[in-house]
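Some notes on the structure that comes next.
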Amino acid sequence: MLSLAILTASFLALAGAGASPASLPVVAKRQGADALSTFVAQEQAISVKGVLANIGGQNSSLVPGAHPGAVVASPSTVNPNYFYTWTRDSALTYTMLIDELLFGDVSLRKTIEDYTTAQAILQTVTNPSGSLWPAGDGLGEPKFYTNLTRYDGTWGRPQRDGPALRAIAFMTLAPALFNLNETAAYMQFYWPLVLNDLRYVGQYWNQSGYDLWEEVHGSSFFTIANQHKALVQGALLAQKLNTTCKPCAQAPQLLCFLQSNFWNSSGGYLTANINSNQVTRSGINADPILASISVFDANASCNAGDFQPCNSKVLATHKVFVDSFRNLYPINKNATAPNAVLVGRYPEDTYYNGNPWPLCTFAAAEVLYDAVHQINQTGTLTIDKTSLAFFQDLSPNITVGNYTGATMTGILKNMTTYADGFISAVQPHLPSNGSISEQFNATTGESLSASKLTWSFASFVTMARRRAGEYPISWGAWHPLANTKMTAGQCKASSYNSTGSYTPVVADGAPNITKICSSEVIFSCNASTEFGQNVFLLGNVTKLGGQLNNTDKIILPLNTGNITSDNPQWYVDIWLAAGQTVGYQYVLQNGSDWVFERGPVRTVKVPACGSGKLVRTSDSFRFPSS
Ligand SMILES: *[C@@H]1O[C@H](CO)[C@@H](O)[C@H](O)[C@H]1NC(C)=O
Ligand SMILES: *[C@@H]1O[C@H](CO)[C@@H](O)[C@H](O)[C@H]1NC(C)=O
Ligand SMILES: *[C@@H]1O[C@H](CO)[C@@H](O)[C@H](O)[C@H]1NC(C)=O
Ligand SMILES: *[C@@H]1O[C@H](CO)[C@@H](O)[C@H](O)[C@H]1NC(C)=O
Ligand SMILES: *[C@@H]1O[C@H](CO)[C@@H](O)[C@H](O)[C@H]1NC(C)=O
Ligand SMILES: *[C@@H]1O[C@H](CO)[C@@H](O)[C@H](O)[C@H]1NC(C)=O
Ligand SMILES: *[C@@H]1O[C@H](CO)[C@@H](O)[C@H](O)[C@H]1NC(C)=O
Ligand SMILES: *[C@@H]1O[C@H](CO)[C@@H](O)[C@H](O)[C@H]1NC(C)=O
Ligand SMILES: *[C@@H]1O[C@H](CO)[C@@H](O)[C@H](O)[C@H]1NC(C)=O
Ligand SMILES: *[C@@H]1O[C@H](CO)[C@@H](O)[C@H](O)[C@H]1NC(C)=O
Ligand SMILES: *[C@@H]1O[C@H](CO)[C@@H](O)[C@H](O)[C@H]1NC(C)=O
Ligand SMILES: *[C@@H]1O[C@H](CO)[C@@H](O)[C@H](O)[C@H]1NC(C)=O
């Protein structure tokens, strides 16, 4: 398939034009010869190689059988088995690689084209979350086999950050093609891929899903923040392409949702999840920190969208988050601020008994480098009641106020030193070959869990670029479209119905999937559950697991979005092949137990092809008598 050949020609032109075209910003501010800078430069090079070695099509012996452009999470196949490709990790990784291309590494064009084809194919793969046609629900599937086939095991699905992050990755590439006057090629090969994902975001942002750690079912800050960025970036890109992005008009509602729901005012931090099944957790989490570095825009003010790195709420969250690990991990030796420490995902983490994660520790540094740049650009450091405690760690006698000149410079210097501290905390625990695993043992600092984790490497590269004062091209966080504010009362559970408009991107190598005639079924089940319990649907068609009475086939959790105090209504809205009779049953997840409802298998008749009808079941969970 030569469909992307025109892009190869374009990127060759980019190479011919010199390593870094004049209009692409490449700034190098900190090229110190100190020991830390030397380490960062070496580890940065190792990390780019480490990422590429985990991607199919690079002739890498580490990931045999992976399709070209498929990002393998880690070569580890046992304890744990991470030999899969996740939409989120892949998109974050390729956003980094696309930025590396923009910084001048044109050798990456081939792998970026491989990723393009791989994602065009994956968009069309029917999976346990659904399918591309007609309702796009399959785009929310979090992971696939590395040969780009569906994974049917039980998993936390859907995960709604994936489509947003993938759209962001491909939108990040737009300036490169615009620079080469290849707008038409962008319109042909990339915009349709992006639009499928933006349609998904506009349609489903207001429905719950699993968070980036794949454990919590609810609404995650990281997910919504990235979805908001994707819709705004999409609206601005559509203008440049003289086209429209109707689902992008949802953006102000996402901002409203973010601003109204996630700030924990008594604790003074942004909480990771709301409407969740994890009520015993504090909500202190790397999630908002990772969100902030993802939506970072070097040209934005601290209050743009409210969640830029230099925003007071983000800095306050940074303090609460980092402090939660000081006395938790023995390796941190109860170090107090302004000493940096190793940080993990969230303090209540029990995965491998709970340990520091390199990628979270690098993020803690990266968000500070970003914030220092943004504050320095505005020329004034504003310290308010929200951020005061954060700044007092760096400047003990500081008070609420606006600072310029030497005071500002001195505090920013201390902030940069603090950021460097996070890297210094990691450095002694890396093996001599620079390989970065998923975790460090909380007591010994030894590498733990998946080795050579792709996301660990990618997070080092972005952190190193920001440390050097090298920033991605602005995506528009400063633009009025990104800042359309509403009052909490105006927030609405809105949605843009894209059903019927999702389209396989055949130009990129996607199969022209048969548009199976489907009709809509809403499975609705009243079940009074206890906190921590979930209700799943199991049925004898593939989308519902495929086999009744088999716990290994349970793949479809119901949504909690319709539950009220007097109406415990769980539901899922799904499209199934028209005209058939489906047998189904509900199953209660209680910890690690599955409790099947008693009584006979239920049946529903899916409306006939073209009838335009939908069926809504009205079931009540038949609890086994105790
Ligand atoms: C894809 O990989 C999975 C897991 O290794 C394997 O079970 C499956 O047979 C492969 N499918 C194809 C079409 O190669
Ligand atoms: C793109 O078009 C502009 C205006 O026609 C021209 O000045 C510029 O050289 C072109 N750039 C490339 C890379 O062809
Ligand atoms: C969009 O339209 C404007 C005005 O008609 C034109 O100048 C511009 O070249 C068009 N851009 C693209 C990408 O077609
Ligand atoms: C660190 O603090 C914890 C409690 O917060 C305490 O149990 C532990 O003894 C302290 N460790 C050291 C080395 O001081
Ligand atoms: C971390 O290291 C300690 C000390 O060797 C060991 O007891 C513990 O089991 C390790 N933790 C994990 C999760 O492997
Ligand atoms: C702050 O901005 C000034 C002027 O643009 C620049 O010289 C300086 O390096 C910047 N400092 C930091 C810490 O970014
Ligand atoms: C920066 O931190 C040092 C201590 O490491 C402190 O002496 C100094 O006053 C701080 N700078 C400012 C501006 O507060
Ligand atoms: C903070 O204030 C105390 C008491 O006034 C003083 O002793 C100390 O030197 C001050 N510290 C800094 C960093 O200015
Ligand atoms: C800091 O500056 C902002 C913007 O000019 C202003 O609104 C705020 O009141 C100032 N804060 C203090 C404490 O002076
Ligand atoms: C969305 O649009 C499709 C196709 O027009 C329609 O069948 C479906 O009922 C609509 N769904 C909602 C929730 O409005
Ligand atoms: C895909 O298949 C449909 C139905 O066979 C056809 O109408 C359409 O033109 C095809 N699309 C492409 C891009 O080949
Ligand atoms: C699924 O179960 C229903 C009810 O028992 C039955 O009518 C239908 O034929 C079954 N479908 C398949 C594909 O086995």
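Using N, Cα and C of the backbone, Cβ positions are placed for all residues, glycine too.
The annotation signal peptide is assigned in TrEMBL to 1-19. Among the features that TrEMBL reports, substrate binding site is placed at W155. If you look up TrEMBL, you'll see D211 marked as active site, proton acceptor. Residues or ranges marked as active site, proton donor by TrEMBL: E214. The domain 'CBM20' feature in TrEMBL is assigned to 513-623.
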The domain 'CBM20' (513-623) [mean pLDDT, rounded to integer]: 90
Tally of residues which DSSP labels helix, strand or coil - the domain 'CBM20' (513-623): 6 helix, 53 strand, 52 coil
Contacting recorded positions, sequence order - W155, D211, E214 vs ligand 11, Cβ under 6 Å: none
